[in-house]
Every structure is written in structure tokens, then in C-alpha cells.
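I have placed the structure first, in the form of C-alpha cells, so that the comments after it can refer back to it.
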Amino acid sequence: RLQESREKLSVCSKLCYAVGGAPYQITGCALGFFLQIYLLDVAQVDAFYASIILFAGRVWDAITDPMVGFFISKTSWTRFGRLMPWIMFSTPFAIISYFLIWFVPDISTGQVMWYLVFYCAFQTLVTCFHVPYSALTMFISREQSERDSATAYRMTVEVLGTVLGTAIQGQIVGKVDTPCIGSPFFFGLSNSSVAMEELNMTHDTESLTDTRNAYMIAAGVIGGLYILCALILLLGVRERRESSELQSDEPVSFFQGLKLVMNHGPYIKLIAGFLFTSLAFMLLEGNFALFCTYTLGFRNEFQNILLAIMLSATLTIPFWQWFLTRFGKKTAVYVGISSAIPFLIAVVVLDSNLVVTYVVAVAAGISVAAAFLLPWSMLPDVIDDFKLQHPGSHGHEAIFFSFYVFFTKFTAGVSLGISTLSLDFAGYQTRGCSQPGQVNFTLKMLVSAVPVGLILLSLLLFKLYPIDEEKRRKNKKALQDLREESNSSSESDNTELASIV
């Protein structure tokens, strides 16, 4: 009991730890919901090149996760810890690159390269923040209950971060009207450069400039929040060194650790299940702004609809935390994620109605909360199971977290690139006030039919996941016994050394 009391985390420590997850979610939500429509309608990048930017940026983001995990595993312990220096030094450069993503350069050629370079640079730098932050879960406490509690705090703040990202980006940008071109005049012209020049002459350039300025103001506000959250994390959380690591400072073999991790069955099954779940929600996130704007016809309301989803998700995080402790994590997965299916179908089947859309948005947010909380709550259980099977192998936490993020990001990048390319093939018209029927049908598929299919597939995969509540309790007891045995042997060694002296 004395040892457990020492491992207890204060509410202040949990809050400071949780705040550190907000920057990744704030920036990720702003990019996820708004970058596609920004590239197409504000920066006026061709849909084909926009798909290349989104695809390459997400794939590069996925590749950097295991790379950063590799370098973290080679990092020596410092007086600030092993993970904290990564968070400290990546923050200022990440903010600069994030701001430049939302800046429209005054260059006729090279615009695509501008967005590609700074998008990839930001994804690299935010990975240098988020991978060590995710692995920090295992170093704030050795008590599973404390880690689960801290994870619940973190998920609440992270979903609140998505609310902030949606609110800041959406409300600032929503204050100005992004100009569009009426369909009768627009669709009669070819998509040639000459036609585009004629359209630009009749276009309200001042309104477009105001829209671009609004995106930069939003980027500045989000950058300020990024700095504030990073400072709270660095000043309010102490990284604890595992007692097993104190015995040796030799660096962990990354590739040997990677082989062990990838051969761990529960980890692969957990990845497979959440791979398709995250893919479904990423498709919804990436195309929902376009869906609300063109298919539903709510051009001036889409930012408020997105905000309703995120607010609903934030308020229901405590409910899902209670639910998983009461009924188990696997049951929470089945109930939480499957609850999105009827609402994804309803938003497409029902006629365009603003009240109905808000009701569906609030209901869908409940499922979004489960998708946020459960993966990060279940991953520490897999790591504990791994430690029991490989008690002599230490320091692989960053590999678990980095490759978990790698697989989800890689598939999300592929899906987002393909979805934007699908819109291009369907005949998406840049800056059009309305879109052809093929585009509206494609958007319906991307936000409803495809996500529903992916969620059903993920639920089938979760049937294979072996760590239920009984298994989790046994692992917790076995780990506790292992640590007590390690502590008692260490104390006996110290007593023997003292008697010799």
C-alpha cells in the first residue's frame, strides 16, 4: 500500500500531462477538417495536385513515426529525461512550419512544392513531439490504474483540443465568405488556364484576400496555444525512470525490439482493429467540410456542425471512461464504435435539413469520443502483456507507440489521397458554388458507405483481440508480483552490501 501511494499521481500532474496532448489534436483537427478545402478553394491548387500534397504529407508523417521511435530508443537519459528533450526542441520549429502551411505564396510556379515541403516539415516536427509524449504514458507511473486515469484525462483534453481546433479555425474563417462562382457560368467554361484567367478577372479578389488572412490569423492563434501547452507539459510533469532501466545504461537494440514487438499477437490484433476504425473516421474528417458545403448545401454552417460533433465528443469522454471500467474495454469498443453506423447512414439518407443534421452531428460525436479514448487506453495493456512475456527486454515503449501511429497514419494518408483524387475524377470544380451530381455522390460514399464498411470490418477484427478484463487483471497481478520481487531482491542486495561495508 505504501508503494501504491507513492505511485499515485496528483490531479495537477494528470492535468499537466493531459494538456500536452492538445497541440497534436488542435493542429491535426484544423488540418484534417480544413486543409483539403483550403487547398482547393482558397490556395486554388488543382484537385490532382492537392491529392498529391495530402497523400505525400500523410505518408511521410507515417514514415517519420518509426524513425523518431528509433532515434528515441537510442537517446541516452538526461537530467530532463529521455523523452522531454524531444518535446522541448521540436516545438518552436513546428510552429513556424505550421504557420507557413496556411500562407499563400505570391509565386506563379512552385506553389505545390511550397505546401508539400512545409506540410511534410510540420508533420516531422509534430511527430518529434507526439511520439515521445505518447510513450510518456508508461513513465509517469507504474500503476496501471493511474495510467488509465491519466489517459482518461488526456483523452478529455485531446478531444477538447479538437473542439478548440475546430472552433478557432472554423469560427475565424467562417467570419469571411470564401467567394465562389455560380454554376451556370462556371460549368460552361473549360478548365483551361485561359478560362481560369477570365474567371479571376470577374472574381472578388478582396474577399479572397480576406479569407486568406483569416486562415493566417487562425494559424497564429493555434501556434500560440501550441507553445502554451508545451510549456505546461514541460514544467508540470516529471518523467520517471523505470527501476529496471537503472541497472543498465546500454542502449536498446531497436531492430531486435522491433522484431519482438511485431511478433506479439495482441499488439498486431489491436493495430488491425483500430487501423480500419481510424481509417473510417479519417475519411469522414477529411471530406465532411466539403460534404456539408456542397452536398447538404450548408456553406455558412459547416464550421458550426463540426463544432457540434467535437463538443458532443468532449462531453461524453467521462461517460466512456466509466463505461470501460464498468463493462470492460472490449465491450466499450463494440458499443462505442458501432454506435456511429446508424448516424452515418442517416446523414446521407435523410433529406437535407439543418436541425436533423445538428442532431446527427451531436449523436455522432458520442462515437467519436469512444474512437479517441479506447485505442490509447488499450495500448498500455498490450505493453504490460509484452513485459510479462519478455521480462528481460526493456525500453520498447516508443516502438509500440510509434508503429501504432505509423500504420494508422499511413492508411489515412492513402485514403485521403485517394478520396481527393476521386473528387478530381468525378469533376470537382474549384471555387464552384455547387458541384456536379457525380461529385455529390462521391462525397456521400466517402462520408457514409465506405466508413460504415470499414467500421464493420474493424468490429470483426476486435473479436480476435485476446486481452479481456480477466486477462487484464491477471496481468496486473503478475506484474505487481514481479516488481515486488525485483524490489525485494534489490533491497536484500543493498543490505548485504551494507553488512560487508
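From the backbone N, Cα and C atoms, a Cβ is placed for every residue, glycine too.
According to TrEMBL, the feature transmembrane segment maps to 15-35, 83-104, 116-140, 214-237, 267-284, 304-324, 331-350, 356-377, 398-421, 441-465. Residues annotated as region 'Disordered' in TrEMBL: 476-501. Look at TrEMBL and you will find 476-486 tagged as compositional bias 'Basic and acidic residues'.
Most Cβ pairs under 8 Å with the transmembrane segment (304-324) belong to 356-377, among the candidate stretches 83-104, 267-284, 331-350, 356-377, 398-421. Across the range of the compositional bias 'Basic and acidic residues' (476-486), the DSSP-based residue counts are 11 helix, 0 strand, 0 coil. Long-range Cβ contacts of the transmembrane segment (331-350) within its own chain (Cβ-Cβ under 8 Å, at least 6 residues beyond either end) map to 273, 277, 280, 284, 320, 323-324, 356-357, 360, 363-364, 366-371, 374, 378, 444, 447-449, 451-452, 455-456, 458-459, 462. Proximity of distant same-chain residues to the transmembrane segment (398-421), defined by a Cβ-Cβ separation under 8 Å and at least 6 residues beyond the stretch ends, is recorded for 36, 47-48, 50-52, 54-59, 61-63, 65-66, 68-70, 72-73, 83, 127, 130-132, 134-135, 137, 254, 257-258, 261-262, 267, 270-271, 274-275, 278-279, 282-283, 286-287, 375, 379, 382-383, 386, 446. The stretch in closest packing with the transmembrane segment (15-35), judged by the count of Cβ pairs under 8 Å and taken from 83-104, 116-140, 214-237, 267-284, 441-465, is 214-237. With pairs at least 6 apart in sequence, the transmembrane segment (441-465) and the transmembrane segment (83-104) have fewer than 3 Cβ pairs within the 8 Å limit; the two do not touch.
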